[in-house]
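Feature list (source: Swiss-Prot):
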ACT_SITE  86  active site, nucleophile
ACT_SITE  181  active site
ACT_SITE  183  active site
BINDING   235, 236, 237, 238, 239, 240, 241  ATP binding site
DOMAIN    9-207  domain 'Glutamine amidotransferase type-1'
DOMAIN    208-399  domain 'GMPS ATP-PPase'
């Protein structure tokens, strides 16, 4: 009997925390489905979601100001367990009758937590033990406010030197608050603390497993599609590969794969993709030469959002034309959960678009194809697990992500054939050297960016004005946050030397040392 992977679910209310998506990843790792929603979501939506537990995220605001964000009051009245993290703890305390004040000394970074009452959340969990026999935990703090007075019915369950009320609980109503961040890796026991809340307190059954997700996806595809055909666009990336494999597993020969040669793919990528999918999928693959079409559509366009939307529209139009030839009604897309989150029009009721993904916000409103997105609920690492379970080669599964609009958004400003050719060569050199030096799988994503600016240099005995190439490499678990990769200077020097010597149009190479946030991983 197939498991209902959505039967037990956790709702995470986002107060604008940089770690909100990380909380969702941790809950998924525990094996329970969850969704992330803005903290001002309406009561009807929450009741329809019917969560087994609710987590209130941290946030950048202060509860001490009257106009800042609050949790929906009714969540404290429906008998559902609630866990407040950092700001989430503070707003829960304030809303239930406690007091919150600015702290005399803000806590940022490592702290040692002394557990006063281990019941429920901290049961059996410790990093060390104090001389008095109390459990001690290493935790990560990031706050300027503290709960100064507990709400009625609560007791202090942990403290630090700077936070006498570092954790609190109302055991009867199953309300819990943590001033620290259990979701980050700097809190070593954080996963176990969250598991105690999700499994023991909320009593969720961990049905969110790779095997069950595949079974559920196949059933869903079969029910939606019936006997109709599906087109899936291949890009060479893991998302489209897993999408195609899932759809093929569900409906077999009803799948037609389409590889659109936009002229914006990486060097030799068209041949590589055709080889992989004809060999491993055994599915029908149609390659459409759309280079001239994309270049014409992108001519004169320098705005990144416009480039993304144009790429999305051209992709869909190509697929629709192929679909009409084949009488296909469905388009399979490799949309994943971070695409959905980043393309949301608002965050916490007042956010801004981070960027429009060509397979989410960039789809034309008058699209004639019906859409099927089997990965829409999954994070990138979950997609990779699915791919391995489905038997795709590891080299493909762990290939670095590549944006749908391709090199169009790795060329700053307007796109033209000269810029594309230069960027393809520079990117290929960077990736080749990463693989030769065994750094490729030590970083999560790496690529080159073309800057349409000329910088003076010297080649031979003459002054030379050439273009600038930026190199970007990051390390990340979920692509929601990322750290720039501290690659050895000798390695970067070698890559730079090759690029400026092998590509005559380039005179300068720079390396991007910016984390996400504040930057995004892609430059556009």
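Using N, Cα and C of the backbone, Cβ positions are placed for all residues, glycine too.
Here the C-alpha separation of residue 240 (ATP binding site) and residue 181 (active site) works out to 34 Å. Taking the Cβ of residue 236 (ATP binding site) as reference, residues of its chain lying under 8 Å away and at least six apart in sequence are, in sequence order, 265, 266, 269, 272, 273, 276, 399, 402. Summarising the environment of residue 183 (active site), the number of other Cβ atoms within 10 Å of its Cβ, over all protein chains shown, is 29. Residue 237 (ATP binding site) falls within neither a helix nor a strand when secondary structure is assigned with DSSP, and so counts as coil. Other residues of the same chain near the ATP site, with their Cβ within 8 Å of the Cβ centroid of 235, 236, 237, 238, 239, 240, 241, are 234, 242, 243, 334, 399, 402.
When Cα-Cα distances from residue 241 (ATP binding site) are compared across the active-site residues 86, 181, 183, the shortest belongs to 183.
Proximity to residue 86 (active site, nucleophile), judged by a C-alpha distance within 10 Å, picks out 181 from the recorded positions 181, 238, 239. Sequence-distant contacts of residue 237 (ATP binding site), defined by Cβ-Cβ distance under 8 angstroms and a gap of at least six in the same chain, are 334, 399, 401, 402.
Rounded to a whole number, the C-alpha distance linking residue 239 (ATP binding site) with residue 181 (active site) is 30 angstrom.
The Cβ neighbour count for residue 235 (ATP binding site), using a 10 Å radius over every protein chain in view, is 22. Confidence across the domain 'Glutamine amidotransferase type-1' (9-207), taken as the mean pLDDT and rounded to a whole number, stands at 94.
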